[in-house]
Each structure stands twice: as structure tokens, then as C-alpha cells.
Amino acid sequence: MELKFMDHVGTASPEEIARFTAMAEAWWDPQGKFKPLHRFNPVRLAFMRRHFAAHFGRDESLMRPFEGLTLLDVGSGGGLLSEPLARMGFAVTGIDAGDKNVAVARLHAEQTGVPVDYRVSTPEQLDPNEAFDVVLSMEVVEHVPDVSAFLGHATARLKPGGVFMGATLNRTAKAWALAVVGAEYVLGWLPKGTHDWNKFVRPSEFAAMLRDRGITVRQMAGMAFNPLSDTWRETDNLDVNYMLFGVKG
């Protein structure tokens, strides 16, 4: 759940902005309210690095394999993905509708010396001539009122031949049991009410909306939690958390 991007223009959800703004100070606390993000971030980043390297013909073993490429992190929150991706060489622009989230992200980037262009913005507010090699939307679509409109604005920022990377929760009974009941009410990983199961998006729905915007999904992968080791891993099972990689054109 990079749970944060809801704007005040066309893809608006003031309630969601308020919810995640209230937790903004906790973004970089690995034991705090965003602990799940810190836990599965390595899995997400490994998936991205592997597929970005293959698509752009870069050497994955290099420290900064993506020098010269631009990336837009839509709903960047406190910068938990923006910063490590910038360390990989991307010129990263992180946008979020919550000004407090952006303030936290900027401060942390200054403290760590990682160059990220953070903006209080939504995709439709960006310069229409501004385009990116990669557009990222991780754990965001389940928090917007109109997924189709949101994806339309986000993918419009993608260059031809560019990559869209997304992640969300599947609308299954298993996802309701684990991501809502388990994570919010039993384990207390997230504040109650963080997720609305009705807003979860099936992989087929996500892929179809992207296809309508000229993006072909090339790869999907799930993420599974092991309670014994307190770790996440990539899996072929898409029943709960899943990621997808698509190419425009």
C-alpha cells in the first residue's frame, strides 16, 4: 500500500488525502504504521529492477543501471520507492496530493542526499509535454474513486515504448480475509478502515483498463507473506497482493 494518491481535481478523494496525511510523520518508521510497506519493499524493488533492466537493456548488476532514464512515481507518499529508485540511477519525479506527505519526503531526501523532484501534484496537473520512461502507481488505485480516469491521466505521462508498473489488491474473498480483516482488525498492521474491499481491482480489470490506453501487460506477480519468518516473497499467486508490468505501444 503506497496508499496515498488521491487528488482534488478529477480523481479526487479528500477523505483518503486526510487519512494518509494524518499518518505522514510515520512514513520512514520501519516499525510504525507503514511497517507493511517497509517489509515488502525489497520484493517490489527486486521485481522492478529485474524487469526494467530487461526492457531497457541495462546491466542489472550495476549500482546505477538506469542512468539517463526518467521515472514518475504517482502517489509517492513519503518516498519509500522514489528514493531507492533514484539510487538506481533514475531521474525520479514523485507526485502526491498530500502536501504533508511531500514535505516529509523532501526532508528525508535532503537528509539522505538522494535527488528526487517531489511535487504536490496530480498527474493531470503536470505539464502535458512532460513525459517519462517509467510511470509507477503502486498500491494507489484501490484508493481512488475512479480507477479508469486515474489511469488515463497517469498513463498519459508515459513515453511510447515506456513502462507502466502498478500494484494493488485483488478483489477476492482471500484478499478481504487477509488484507482487510487480518491486516486491519486482527494484526493491527493498518488503521481500521484503510481499505475498502469493493475498491480492490482484479488483475483482468487492471489489464483491460491499461489495454484501452495502449499498454500491454507483459508480466504479473503476486506477493505472499510468511508469518513464521515475517518476510514477503514473490509468487505466482495473484489472489491478494499483486504487481504488473506493462509496455506502451
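Along the chain as shown, the residues are counted starting at 1.
Just so you know, glycine gets a Cβ as well, placed from its N, Cα and C.
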So Swiss-Prot lists GLY75, ASP96, MET138 for S-adenosyl-L-methionine; which of ARG39, ARG44, ARG171, ARG202 goes with them? ARG44
If you count other Cβ atoms within 10 Å of each one's Cβ, which of the binding-site residues ARG44, GLY75, ASP96, MET138 has the most? ASP96
